[in-house]
């Protein structure tokens, strides 16, 4: 029995069938599974501009495999384009909108399964949230990574352009060089090319078995990506027949596998937020502390941007995520019995993958010679982050810094100060009221961090925030500070010049002010008026949970 029988079977459903006949159904089609094709195609961003080709290939393949595909659209927000603007407040919000849209279309039409096609950062977790909520057979198709831009023999990504802004203000480059970077950073379709958020989340989804092997590192414009989309549709039809559902795959062990792979590839801090949200939706007991536990045992073995040398297409050519998983599996760092949407275990899928990466590449290192001996996403706690915070410490030359607080109430104020060269070596920059509630929307701080790096202060300044960081960020940065300032977190009590310690070795984020003084400040603090009271941002601020629990909107703290 199919779920779609509710709209296709029986005399009472004659009007329903009449509507379906108008969109291409014939007599023989009413017993076939109805499959949603959630198409994130958009000309807003290079991340999504190629998705229509993939969605149409999947649609065709689903029909040939015996399904009845029904295409519908989902939205996207371009993080790269909205970065540093008020529009960035809508980025994390779009994750919830995408999840709500897919859930609404699929459940509203009694669909039997869904294939979601996404590209930009929030497309992946948005689709996964919907899949976990609905628990109908599901497959995710990633739009693919952009190929690197080229300039002077060097690979460029969009982060190169952000860093160039800092370089021009510090006199390291001129406007002509800035324009050259701008014109060459993004050469075509695909998501941002380093191990930034989109590629991190696609790798996590592949690891958890809801997308096909090798698909998360394919280039958007290559033929194999379109072929993989078609194969994904065939797998979805089989999954409907076999009744393979997302919650069969999204187990505690699957999330641990995803975290292990994210550590191994040097992935984005945003993965912490998104995996916590997906796990909470799936009913899996995952906490922020699990990331620290796994970090302690899994090294970083991939030399990938933003802190490394290579981009995601290089990882693909070196063996992709299956090669990384094979190394972890052989070392006992992966649960090989986890199942995938193809009906096979990871042990089975990885059986023919070599136990060693190719000798003619430098992207994937053996575990005996890692980039870093432990994972790069550290969970820091202390009186500034009682619930926790997330620090990305790969490539950090100064993992411990105690310095004076430079306090800013918004990203814009901070960026202006950086570009005016008012931030000095040894400072601890604090950007607050940028959390899920306070922003609202938890903006990414790529513009300030890139400007700091561009001015040569990346190893000399710490930056902490209750907002987020782009997957392209590196340096001594600590985000997701919880509780956030807007709900009374200690970060809201910091004053200009206070001493703050950021210690990645001791996992400490501490405001060096005695408790008596903090109690006085807390008594004097009052909750600020919300920046938005209506529209989607006002609604989001009223509903959203703390970042330490994934910043979801459908489950109160």
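Just so it is clear, glycine is given a Cβ too, placed from its N, Cα and C backbone atoms.
The annotation [2Fe-2S] cluster binding site is assigned in Swiss-Prot to 47, 120, 192 on the grounds of sequence analysis. The secondary structure of residue 47 ([2Fe-2S] cluster binding site), as reduced to three states from DSSP, is coil rather than helix or strand.
According to DSSP, residue 444 (Mg(2+) binding site) is assigned to a strand segment. Residues or ranges marked as Mg(2+) binding site by Swiss-Prot: 79, 121, 122, 444.
In the three-state DSSP assignment, the secondary structure recorded for residue 122 (Mg(2+) binding site) is coil. Among the features that Swiss-Prot reports, N6-carboxylysine is placed at 122.
In the three-state DSSP assignment, the secondary structure recorded for residue 470 (active site, proton acceptor) is coil. Over all protein chains present, the Cβ of residue 470 (active site, proton acceptor) has 31 other Cβ atoms lying within 10 Å. Sequence annotations record features per position, and here Swiss-Prot assigns active site, proton acceptor to 470.
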Sort out the sequence-distant neighbours of residue 444 (Mg(2+) binding site) for me: same chain, 6+ apart, CB within less than 8 Å of its CB, listed by position. 79, 83, 88, 91, 270, 467, 468, 469, 470, 473
Cβ density check for residue 120 ([2Fe-2S] cluster binding site), other Cβ within 10 Å (all protein chains) comes to 29
Are there residues of the same chain, six or more positions away from residue 122 (Mg(2+) binding site), whose CB falls under 8 angstroms from its CB, and which are they? 76, 77, 79, 91, 92, 94, 95, 98
Using the alpha carbons only, what distance in Å do you get between residue 47 ([2Fe-2S] cluster binding site) and residue 121 (Mg(2+) binding site) once rounded? 9
Quick one: give me the count of other CB atoms within 10 A of the CB of residue 192 ([2Fe-2S] cluster binding site). 31
